[in-house]
Amino acid sequence: MKILVVNCGSSSLKYQLFDMTDESVLAKGLVERIGIEGARIKHTKTGMDAVIRNTEISNHKVAFKVVVEALLDDSHGALKSLDELSAVGHRVVHAGEKYAGSVMITQDVIDALEECVPLAPLHNPANLMGIYAVTEALPNIPQVGVFDTAFHQTMPGYAYMYGVPYHYYEKYKVRRYGFHGTSHFYVSRRAAEILGKPVESLNIVTCHMGNGSSIAAVKGGKSVDTSMGFSPLPGVIMGTRSGDVDPLLVSFLSDQEGIDNKAMSHVLNKESGLLGISGVSSDLRDIEEAADAGNQRARLAEDMLYYGVRKYIGSYAAAMGGMDVLVFTAGIGENSGRAREGICTGLEFMGVKLDLEKNNVRGKERIISTDDSRVKVLVVPTDEELVIARDTKKIAMDRN
Ligand code: AMP
């Protein structure tokens, strides 16, 4: 059974083709700069060098056609015919309160996702364009939606509500949703498997730290709280997003600077975070280098990141009545031993003891706490595509 996983951004389309008999990846690639000059596809058949093709790609429908051509190519393709493809799984960012799990995409689902566009104006339209592109190219193929928000739908009301008048929740669905759910789901399960314990028996804090970062409290396998909220802006400081700020900063700064909501939103999403504090870069590698060279603002940005994540870990341990496992994933979590050490330093009182030698690891599954650490600390590379492929297989098979 071959399954294609599609992840559309506003000007990009990422894909992975899985053979679900052994969950191997047959090919993967990225179409970039859709609708912009300089569009290209980078396609890699497993075991071969990447092939790059520059071509005009005006929209997501054209992008998907280019992907299909690459997948069917005689030399670097991975399919002889599209009939080999059993289903397509889509990463979709926002499903509101409607879906707490993955679903077969029907017209009702598309309508629900369109309704969520005001909640995720940057992401859902692109995800929907991916669904429309596949529907046009392969009208009979089953398509499954896997939602970033779904895993967090188990949060209790007292965790997801904001302290604003209740009618705003009723009228506009203003609440905490949380994101990166597929990643928090995957790494919490995988950590339990590595430790040989049922996930239902564990209190786990998962730290998805990449360009965007979120922390989640996973109690008994269910998300009970997470640091992102109504939007992916709050929580810890990120590459260019501010993380938590006093909401009155927004009206204060827009008054002072004479800028409107849209411009304020740009400041908070694109000019803040590690970039805004350091003035150096949004990339932690550059910040680490600059801090080592004596740049005080880079040092401050790094310290803010560690301190912020540490505080979330502490508060989620309190939310769950303790913590058994701490997991790091995504670009920073998987690759920066320095960030993991910076975060864990000061958590010894909670039973976190990092093994500094084991912590010297990049992009590999490993237990990085000492043998006598009460809290097990792990690096688990995330694999959202695999979760999407698994859900797609299950839902497409159940249909038959
Ligand atoms: P992601 O969004 O998960 O792809 O993560 C991207 C981010 O991971 C980059 O912006 C970097 O800040 C960070 N990153 C990747 N590799 C390293 C590394 N070796 N050391 C520190 N940060 C890293």
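The backbone N, Cα and C atoms fix where each Cβ goes, glycine too.
Per TrEMBL, the feature Mg(2+) binding site maps to ASN7, GLU384. Reduced to three states, the DSSP call for GLU384 (Mg(2+) binding site) is helix. With a cut-off of 8 Å between CB atoms and residues at least 6 apart in sequence, the same chain places ASN7, ARG91, THR182, SER183, TYR186 near GLU384 (Mg(2+) binding site), listed in sequence order.
Annotation for ILE332 (ATP binding site): spatial neighbours MET209, GLY210, SER213, LEU284, ALA339, criterion Cβ-Cβ under 8 Å with sequence separation of six or more. According to DSSP, ILE332 (ATP binding site) is assigned to a helical segment. Residues or ranges marked as ATP binding site in TrEMBL: LYS14, HIS208, MET209, GLY210, ASN211, GLY212, ASP283, LEU284, ARG285, GLY331, ILE332, GLY333, GLU334, ASN335.
What TrEMBL records for ARG91 is substrate binding site. All protein chains shown were included, and the count of other CB atoms within 10 Å of the CB of ARG91 (substrate binding site) stands at 22.
The active site, proton donor/acceptor annotation in TrEMBL covers ASP148. Within 10 Å of the C-beta atom of ASP148 (active site, proton donor/acceptor) sit 26 other C-beta atoms, taking all shown protein chains into account.
Among the features that TrEMBL reports, site 'Transition state stabilizer' is placed at HIS180 (among others). When Cβ atoms from all protein chains are considered, those within 10 Å of HIS180 (site 'Transition state stabilizer') total 31, not counting its own. DSSP classifies HIS180 (site 'Transition state stabilizer') as coil under the three-state reduction.
In this structure, ARG241 (site 'Transition state stabilizer') belongs to neither helix nor strand by DSSP; it is coil. A sphere of 10 angstroms centred on the C-beta of ARG241 (site 'Transition state stabilizer') encloses 26 other C-beta atoms. The feature site 'Transition state stabilizer' is assigned by TrEMBL to ARG241 (among others).
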(request) Filter the recorded positions ASN7, HIS180, GLU334, GLU384 down to those with CB closer than 6 A to an atom of ligand 1; keep them in sequence order. (result) none
(request) Looking only at C-alpha atoms, tell me how far ARG241 (site 'Transition state stabilizer') is from LYS14 (ATP binding site), rounded to the nearest Å. (result) 23
(message) Going by DSSP, is ARG285 (ATP binding site) sitting in a helix, a strand, or coil?
(response) helix
(message) Show me the subset of ASP148, ASN211, ARG285, GLU334 whose Cα is within 10 Å of HIS180 (site 'Transition state stabilizer'); these are the recorded positions I mean.
(response) ASP148
(message) For a quick check of packing: other C-beta atoms within 10 Å of the C-beta of ASP283 (ATP binding site), how many?
(response) 16
